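Reviewing the structure listed below.
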Amino acid sequence: MAELTASDVETGAQQEPRSPSAVAEAGGEQGGSYAGNSFKELSQRLHRRRRSSGSHHRKPKSNPKGWHRGKHRAEDLEARPNRIVNINAEQDFEFCTNFVKTSKYEPYSFLPLFLWEEFNPRTKIANVYFLFIAVLQVIPSITNTFGIPTMLLPLVFVVAVDAVFMVIEDVERHRADRRANSSPTAVWDAAAGKFRAVSWSEVHVGDILKIRNREAIPADVLLLSVAEPDPAAAAGICYVETKSLDGETNLKIRQVPKGLVGAVRRSAEAGALRGRVVMEHPNRLINNFAGTLVMAAGRGGAVAAAAPIDAEALLLRGCTLRNTRHALGLVLNTGMDTKIMMSMTAAPTKASRLSARVNREIKRMAVVMLAFCALGAALSTAWLARDSRDAWYLKGGADRYVEGQGDAAGELVGQYVIAFFYYMLLLNSFIPISLYVSMNFVRFFQAWFMNQDLEMYHEETDTPARVRTMNLNEDLGQVSHVFSDKTGTLTCNVMDFRKCSVGGKVYGRGITEIGRAALEIAGKEVPKEVLEAETLSRRVAAPHVNFYDPAIFADMHPQHGDGDGDNESAAAAEAQAQRLAAFFTALALCHTVIPEKLQDGEVVLSASSPDDEALVLGAKYFGFEFLDRADTTALIRRTVVHAPEGDIERYEVLHVLPFNSDRKRMSVIVRCPDGAIRLFCKGADTVMLPRLRGGAHRRWRRRSGKRRSGLARRGLRTLVVASAVVPNDKFAAWAEQFDDASGDLDEINKRNAGEPNRIEDLMDVIEMGLELLGSTAIEDKLQEGVPGAIASIMAAGIKVWVLTGDKEETAINIGVACQLIWSEERMDRLVINLKGANGS
């Protein structure tokens, strides 16, 4: 953290902006430090200097020239490498407004833009042709319609029909823009000392917004604070729903920058913040952000410090706030500078493959017609030159073509040109304008029937089919391949806790849809007792838990054993009970779920992953209920094993090592009620098994591995759960290094770019030598009607490809369950496995 100098404050007005890391390191590097002065005095000094210099001209643009078009010059970017946003102060640069426009036309631009699209030779050559014919029809020397452009009537009709449809489509875009720009939000009013309601279009860069739970975010915002359940123990965590950006329904975690956690507890304190954000220029990378937050201590206070900020601290336009009553944020990007708008492209002119084919065929027909016109004109001219004197009906008009009388050659050339275009008028029906009229009418009625089709109506969500671009109707019949992922497309993306394996023993009876498919592949029938267990599991099911197995409750309470002869010894039974307790404790702690209380008092879980939600509810089902996470404390109510019913245990959360697609695991480091520091980790077996320690656990790993393979064949998503006790001195040394690396902007940038970095190296170090606790098995059911839909698509000759990250056995069984592939008796199956450098 570096001290802010007068040079840093004046960067935006007088000096070339520097990189975020340069600003963070500015303290101590330049002379003339004003550390003893207040931030207010420095701002006033800068303001007086501006006024004395008489600089009342328009502020410079915040982005380099040509930035949005990608045509900025290197010298412009070098002169202004960063975007600078002042907090609760006048901005040094001019930013775009928050007004957005996704519509294609405006009243003043509709006619020229639409006419260009309709008469563009590359896309609608037929319209150009018919317009040319209409022009020929008004030329007196060649007209065959007495100078009346009869071709204009059908041409105007075709163009008018297109215009009506274009207007209808664009009106919908205008309405969507109007709804977005007029949506309400709350902006801090410094004069009134409170937040006031404004429309989205009135939001400006540098404003402080108050965004309430389940409200859409109007601009790209830096998270300043969230409504904390316990203000004295601020956590600064909230969730956002990003499906408008990336299509994912999972919630994402957002974190207030470390230097601001707990700094803003009341709305008025937001207006007392002073500082600036030095950041990258707007771009379309929604998962990347680099900037530096330079904060002052407050009004009249000394300059505080600078700290890096990344994408985890941003609330992007188009997302929806979740899991908190409200959040306060500083607007960094508005309007067309927001990431969602920079990712959008202009509304294209859409044409189907049929239209493109028609254009090509029309060009070929035009060539044939021109050849006939040229041939007809040549023969006509030759006849006039040789035989027209004998044609009494020409009344001697052919004398001028006779050699020696006037300019016979010139007259013949002129007659050739006139005859050429005259034949063009005679043969203009080679290219039928009725074809375009018919196509537009057919598309219109196709769209109407599709909109009214009850077979494509989803009653649960009251969602009918909607044809938004009629020009693409016929492309539906020309699809040759369908590429799909599995989760959320073929499946419901709603997880149920079905089975678990602890201490080499699998718990959970019943069968899944994919398990049925596995038996079908093997040519076996589902056992009667399995069907009965499946029926019982549905009777006792809880939200996201579909589990039935009395054995697990007997093992969790060994004193209630049934006395069978093959029961384990008392010591072994007690050890299994402790393993089960540790296993479900790990599920109740190792996650990023936050309970969210709705207005009606109902408590729902906000989770960044549906797997986490199912695992937490599964732990609750077995008596390990996660209650809340307040700052660094996680509360769990235990109702089984070694604890009186209803006892609440407090775990101090020291660090959360998040999941990502590269790590394939997540960990949480907690201080347990007994004072011991323990790491709980869960993840894919491919990355978890190498992290387990050997010795007595090798047998469990071998037995659990066989069980996990069996679960995978049933189409269940499996995760390995493990833990480790971390000595205090080892954790203290590791935490110091990890905090240092996490605050290093260079390491953060390396991690965002997927390069080797100290942050992930230190995560790897602490996550070694783990003790296996068990594995979980979660079911993600197929959506209703998926097998029939895929079978129908394939029967139509369309090739279907499905991408999944499941194991080979799971992928095959899922393919059979959704009728993507058949049993080996009916279909040849080719399995290709690629081995990496490590043999995996």
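Count begins at 1; order follows the chain as displayed.
From the backbone N, Cα and C atoms, a Cβ is placed for every residue, glycine too.
Listed features, source TrEMBL:
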type	residues	note
ACT_SITE	Asp485	active site, 4-aspartylphosphate intermediate
BINDING	Asp485, Lys486, Thr487, Phe659, Lys682, Arg717, Thr804, Gly805, Asp806	ATP binding site
BINDING	Asp485, Thr487	Mg(2+) binding site
COMPBIAS	45-72	compositional bias 'Basic residues'
DOMAIN	89-147	domain 'P-type ATPase N-terminal'
REGION	1-79	region 'Disordered'
TRANSMEM	125-142	transmembrane segment
TRANSMEM	148-168	transmembrane segment
TRANSMEM	365-385	transmembrane segment
TRANSMEM	420-442	transmembrane segment
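Mapped onto this structure are the features recorded in TrEMBL.
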| residue | record | contacts (Cβ under 8 Å, 6+ apart) |
| --- | --- | --- |
| Asp485 | active site, 4-aspartylphosphate intermediate | Val802, Leu803, Thr804 |
| Thr487 | ATP binding site | Asn493, Asp780, Thr804 |
| Lys682 | ATP binding site | Ala586, Leu587, Cys590, Leu615, Arg665, Met666, Ser667, Met688, Leu719, Val720, Val721, Ala722, Thr776 |
Averaging the pLDDT values of the domain 'P-type ATPase N-terminal' (89-147) gives 86
Given the transmembrane segment (125-142), its same-chain partners at Cβ distance under 8 Å and 6+ residues beyond its ends are 118-119, 148-152, 154-155, 158-159, 358-359, 362-363, 366, 418, 421-422, 424-425, 428, 431, 433, 435-436
Across the domain 'P-type ATPase N-terminal' (89-147), DSSP labelling yields 21 helix, 1 strand, 37 coil
Greatest Cα separation in angstrom, residues Asp485, Lys486, Thr487, Phe659, Lys682, Arg717, Thr804, Gly805, Asp806 binding ATP per the record, works out to 24
Row Thr804 (ATP binding site), column other C-beta within 10 angstroms, all chains, value 15
Cβ density check for Asp806 (ATP binding site), other Cβ within 10 Å (all protein chains) comes to 18
